[in-house]
Structures are given as C-alpha cells and as structure tokens.
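Asker: Below you will find the structure I want to go over with you.
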C-alpha cells in the first residue's frame, strides 16, 4: 500500500493510528505489548537522543560516556585481567607441575573455561552499555547474579587494597642504601634468621661444599667443622614480612595491635583509587597508560637483570624441559582449569563494566583474542622472572632445583622474590622497580573493581545517582577504608588467607555456572550470538563450535571445576598454624552470602512482576522491554518501531499493517516458546546474511514503510 501522507499531525502521540495492526517483526521478539509503554526521552534515561549523527569524535553515548579512544579501552581490559596472579600463582603451578608441560592443560582450559565466559560478558556489556546489575535485564529472574558480582567485587576491592598497602610499605622501605630484609642485623630478625648459604659461609671464612654444607677451619685447634647451613632457621625476608610489615600475631583470634604505618598505606592507596576514578573512565582511561605500560617496561628490565645472575639459566632450562607424564594426572588438569578460569577475572562484573563504556560497533572479536594473547604472554614472562629468581636462590643456598620448594600467594612475592632481589647488586634499585611494578599492576585491577561497584549502582538507579556519581564514589571509598582497617591488625594476614581460600574462589565458579545457564539456556545462545553479530556486523567464525561450547561444554566444565575445588579442599593452615573451626565456619558464611542474594533477588523480581502467576513467570524469564542497545540510533537499526520518534517517521496513519505472528505480543499464549522462535529467526539471519528484522531490508521489501537512513534527524 502506498503512503499518501507523512504529516505527523495526523497521527497519534506514538506515530500510529488507533486500531491499526503493526508488523511485530519490527519489534524485538521480547516486547510483550504493542507500545511497550516506552518513556519519553529524558537526559537521565537509558536511551540517548535518537538518530544523532555519529562522527567518531567525542562520546557516542553522551549520557553515560565512553572510553576516549580504543587504546584506553584495551589497556583497561588488559590491566583488569593480567593481574598479580601472573606473578604469584601461575609460576608456582608451572614449577610444581612439570614445567612447560603444564602449558598444555592450561591453554586447553583457557579455551574451554575462560574464553567462553570472557566472550559472553564482553558482548553483553558492550551490547547493552550496562554494568554488572543492569545487564541482567536480559533475564530478570537472575538479576541476583549482578548483586552477587558487585558484592564479590567489594571483597576483591578490600583484598587488592591490602596487597597494594603491603607493596607500598615495601616500596617505601626500598629507598635506602641497604634494604632492610637483606640481612639479619635488625630488631625484628629473631633468633633463627638465616642468610644465604654462600653469604653465611663466606662470613665464617669457610669453604662451601656441593651438598650445601660449609667447612670451617679453626686456626687455634687445627680442626674443621661441617655445618649444614641451608637447614637453619628462616630467611630475613620472611622475618621482615611477619615481624615488621604485619606484626603477625599467634593466630586469627589474637587481633593484636594496629600497624599505623600499614594503615596509612591503606589510606594512601584508597586516595589514589579515588583520584583515578574521579572523572570516571575519562581519568581511569589515562591512568592505565602508566598502570599497564610501565609494568611491562619494568618487567623487561627485571627479567634482563635476573637472567644474568648465577644459576638463573639453569632454572630457565628446567622450566623449558617439559615433563610430559604430568598430562596423565587429573589433578594437574584440575589445577590448570582453576587457574585458567581465574586468570581473566571473569564473573566479578568487571568485564561487563569495562565493555559497557566502549562504542557499540567496536569489533569485540579482535579485542577478545588480543587480550587473551597478552594475558598468556604476561603469564609466561612472569614464569621466566620467577624461574630466574629460583635459579639464583638455589645457587645462593646450594640447593638443587629438584629439592627446592616454594609457596604460592603472598610468600612468592613478598618473601621469595623479595629475598632474591636482595642478593642482587644495587638491590634497592631493582627491589624498588619490582614493587613499583606490583603496585601498578594491583592498582589497575583494584581501580576497575571499584569502578564496577560504582557504575553498577549508578546504572541501577540512574535518575538519582548518575548525576551524583562522585558522591557514590566518595561513599564507596570511605566505606571500604573502614572495612580495610581490620586487615591492618596483627591478625590481618590470617583473615587474608581465609578471604583467599574461601570468599574469592568457589563462589565465582558457582556464579559462572548460573550465568552460563541463564544466558545460554534461558535467554538463548542464538540470541546472545545474534547480539554479537549486531555489534560487529558478522557472525563469529565457527558459529556451530561456539554454540556447542556455550550451551553444553561450558556448564560441564564449570561443574567439574567446582567439584574439583570442593573435593581437593584440605584443612586450611598457614605454615604450622591450624585455623580454628569457628574461623573456617565464618569464612564459609561470608563466602555464601553473595550466593544467597541470587535466590532472594529472584524471588523479589517475581513478586514485583505484574499479572497472574503464569504472566509473572513470563516477565521474569524473558528479557525486560528495556533490554537492548542503550542508544536509540542502535536500537533503530533493527527495531525502529520501538523508538517513538522513529514511529513518527515510519508509520503514516493510513498504513494498514498486519501482525507477522497473527497475534499481538500481549495476546500471545503463554505456551509460546521465545527461544525456539528467536533461534529460528537467528538461523534465518545467518542464511540470508543480514538480520531478518533489519529496517533496511524491511524497507526494501515492504512498500508500506519508507526507507530509513541512519543520519535522519528530527
């Protein structure tokens, strides 16, 4: 039917005559009623002014903001994912499990456990321009996952802040002619402080044997004494960490005193985070140039220096010599799966947040592979750095590599690597560089963890809080300063161990499984991949592989990781100290708290949904009407009739359009299978090479709808 009039005055307020039937193919399949009660445009709403010309200059989304450029965005993702785990966990696993052979299960699990979740969170965050809570408009019943992620991000914020404070404490004390932990002549050294075997034997004017013993000749009696030096006491870096930095108490129930110097470091780190986030992604996007690029430069300098030390090359060759028999050990595969899952910081909400500030049509496929490759490279370079230090330490203590044992976590960074750097010439310089690198790496991660919390809160309540973002940031930082104070007590290390072993481990895997089921089974894997196509313009390569991976392999992998974590769990201890039962029970309760929010919020969403019981289930299992691109110009690329201004352009009053499904969405029977229908549409889209509901394709085939151009303005 031809269009005889385009006069907007002849139409009603929503651009359509009453009584007309509308082709529902121009609506998203989850819109449940004709007009969807779309609100008019406001500056604090979720939809930007429609059809605004996009030139690539300035913010695309002027309400929420965007990254200033692509490099800001990429460095932010790299800074968030390539964290301190590349220096204190991955090298330990490689050393314990067959050297380079461990890379085989690690890379396999990286593709099966990390890549799918990384892809999914980046796509949904960029597609909806929403942070961790608001993104769950996609499946309102599972909105509690967003609250759980924000809660876990709060734990991460405190955790990384304490690590930053410890690092800052070390950094400040590195600015001296002789770093404190290089010798035992200190008040905190204690009785069992032991220097390196070669140094100690040299001080006694002895001769070092191959087995690590020292022969000392006594001039007065012409006798010799053999001393097994490497069996003595503790190295000074461990004494320094326990007695000076932490003022460590006897146990978790012995709170001790507050370390005021450490408390000031905590305050300084939180002030730094506040200043970096004060202007949102505009300021944090500039900080990452220092927080991400400088650590790479320092890492190169440190690696070059350590490779020149005695014994370092032997350890590197030890690393490069694979022990293939470990591939038959299921425990090694379990460790690789756990490390691969945590290596890209999935399921804490940070990836949703970072991706939400990128431009809508940013090519996310290339970004995902680039970030994963950089993450692997950083982990490998971290391994080389650690193995070089191991070789040098074994040389100093006259211990063979096969008999050398290290601990992961805090000990690897603050004890072992600190001890290795203390033996290098010009030690204060290299120790200072090392702790600057660790401080910047941890700060970059903490910065975006806090940004996740702030953005999630502001996105969930935009009318009240988006204009007052700085007030939200101030409140969040002040709250976390108070929560960080208990970790500055003498028992702080024990609580950090509990936090590491319980709160920041298995709850993330539970969230990953629920998130995977909600997106790939409830929302539909086809719809998620269609969102990716909407962003980039083409389907991800190997579409069938991705579909099988998301829908079937990922849930099984996450369940396997969860079972491994629970079955492999042993009674937690720190050195010889056994944690009491009540502290472990407390840690379990804290770890379970974020997960309890998921059913609570789900029940709340069901209760506030309107309609009968069946209609309530319909509303909480299907995407909210507001789900989709944040800007109207992007929504209008496929569903122009969802935008009031577009309806005034596209629908003259006399046009008679029939529903494509024969019934309106509000009259749709509750037995209608949304996922099946949309999946069929998606498969049709793939076969034709374009979206079935793309406005340009509709305009070309339907004479009743005028051609819509992206640059059209009202």
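Cβ coordinates are placed from backbone N, Cα and C, and glycine is handled just like the others.
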Asker: Scan 205, 675 for the residue that Swiss-Prot records as N-linked glycosylation site.
Answerer: 205
Asker: Swiss-Prot tags one of 222, 702 as N-linked glycosylation site; which one?
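Answerer: That would be 222, per the N-linked glycosylation site annotation in Swiss-Prot.
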Asker: Among 69, 192, find the residue to which Swiss-Prot assigns the annotation N-linked glycosylation site.
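Answerer: The candidate carrying the N-linked glycosylation site note in Swiss-Prot is 192.
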Asker: Quick check on the annotations: Swiss-Prot lists transmembrane segment for one of 231-251, 315-335, 336-356, 399-419. Which range is it?
Answerer: 336-356
Asker: Scan 211, 685 for the residue that Swiss-Prot records as N-linked glycosylation site.
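Answerer: According to Swiss-Prot, the N-linked glycosylation site annotation belongs to 211.
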Asker: Determine from Swiss-Prot whether residue 256 and residue 59 lie on identical sides of the membrane.
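Answerer: Residue 256 and residue 59, as annotated in Swiss-Prot, occupy opposite sides of the membrane (different topological domains).
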Asker: Of the stretches 75-95, 100-120, 476-496, which racks up the most C-beta pairs under 8 Å with the transmembrane segment (548-568)?
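Answerer: Stretch with maximum Cβ contacts: 100-120.
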Asker: Compare 75-95, 100-120, 152-172, 287-307, 336-356 by their Cβ pairs under 8 Å to the transmembrane segment (476-496) and return the stretch that comes out on top.
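Answerer: By the under-8 Å Cβ criterion, the transmembrane segment (476-496) pairs most with 152-172.
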Asker: With an 8 Å cut-off on Cβ pairs and a sequence gap of 6 or more, do the transmembrane segment (336-356) and the transmembrane segment (287-307) reach 3 or more such pairs?
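Answerer: Contact absent: fewer than 3 Cβ pairs fall under 8 Å.
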Asker: What residues elsewhere in the chain lie close to the transmembrane segment (152-172), defined as a C-beta under 8 angstroms and at least 6 residues from its ends?
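Answerer: That would be 84, 132, 245, 261-262, 265-266, 268-270, 273, 347-350, 410, 414, 418, 431-432, 435-436, 438-439, 442-443, 445-446, 449-450, 452-453, 480, 483-484, 487-488, 492, 496, 499-500, 503-504, 507-508, 511, 590, 594.
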Asker: Using Cβ distances below 8 Å and needing 3 or more such pairs, separated by at least 6 in sequence, tell me whether the transmembrane segment (368-388) contacts the transmembrane segment (100-120).
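Answerer: In contact, yes.
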Asker: For the topological domain 'Extracellular' (173-257), would you mind checking the mean pLDDT of the predicted model?
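Answerer: Per the prediction, mean pLDDT sits at 70 for the topological domain 'Extracellular' (173-257).
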